[in-house]
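K.L.:
Right, I'll just put the structure down here and ask away after.
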């Protein structure tokens with residue numbers, strides 16, 4: 001019985017990753033874009049200048065559109081944190097921070113490329129930067145969680 005339970009428990013991260021990634025794709029490509037994305041988007045369909053959009057949002061901090069800059073800056077970071085957390089659990093060869101960051105950078109770049117080609121949303125290098133940062137923070141959260149779990153298990157054994 002315990003080995004069956006172990007097999008089931010080992011599948012949980014994969015199922016969670018599949019649910020997460022499906023939801024991410026839905027939000028990126030099939031979600032009806034809200035007012036957060038509709039503020040003269042015509043000139044922002046494509047941006048290859050690093051930090052241009054990030055600095056624009058930061059300059060809006062004192063304006064009345066706090067929801068726009070907050071959602072766009074922190075939304076991208078938060079959206080990719082689960083990926084950084086789940087990737088090493090699902091793909092055991094992706095153990096290092098470097099491997100996680102490269103994987104998330106490539107994944108995010110591909111998703112931005114699809115947005116550009118399909119004209120769904122905007123393709124922005126700053127999204128890739130923020131997504132990669134979010135993935136890295138998710139990875140750090142996983143590493144910290146593992147350390148805390150190991151410490152608590154050791155304390156219980158003593």
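Glycine is treated like the rest: Cβ placed from N, Cα and C.
Curation does not apply to TrEMBL; its annotations are automatic.
From TrEMBL, here are the annotated features:
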- 12-33: transmembrane segment (TRANSMEM)
- 17-143: domain 'VanZ-like' (DOMAIN)
- 69-92: transmembrane segment (TRANSMEM)
- 99-117: transmembrane segment (TRANSMEM)
- 123-142: transmembrane segment (TRANSMEM)
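For each feature listed, report its degree of burial, its nearest neighbours and the pertinent distances within the displayed model.
P.N.:
Remote same-chain partners of the transmembrane segment (12-33), defined as residues 6 or more beyond its termini with a Cβ less than 8 Å from a stretch Cβ, comprise 79, 82-83, 86-87, 89-90, 111, 114-115, 118, 120-121.
Within the chain, the transmembrane segment (69-92) has long-range Cβ neighbours (under 8 A, six or more residues past its boundaries) at 13-14, 16-17, 20-21, 24, 27, 36, 53-54, 57-58, 60-61, 100, 103-104, 107-108, 127, 130-142.
Residues 44-54, 73, 76-89, 97, 100-101, 103-105, 108-109, 112-113, 115-116 of the same chain lie 6 or more positions beyond the ends of the transmembrane segment (123-142) yet place their CB under 8 Å from a CB of it.
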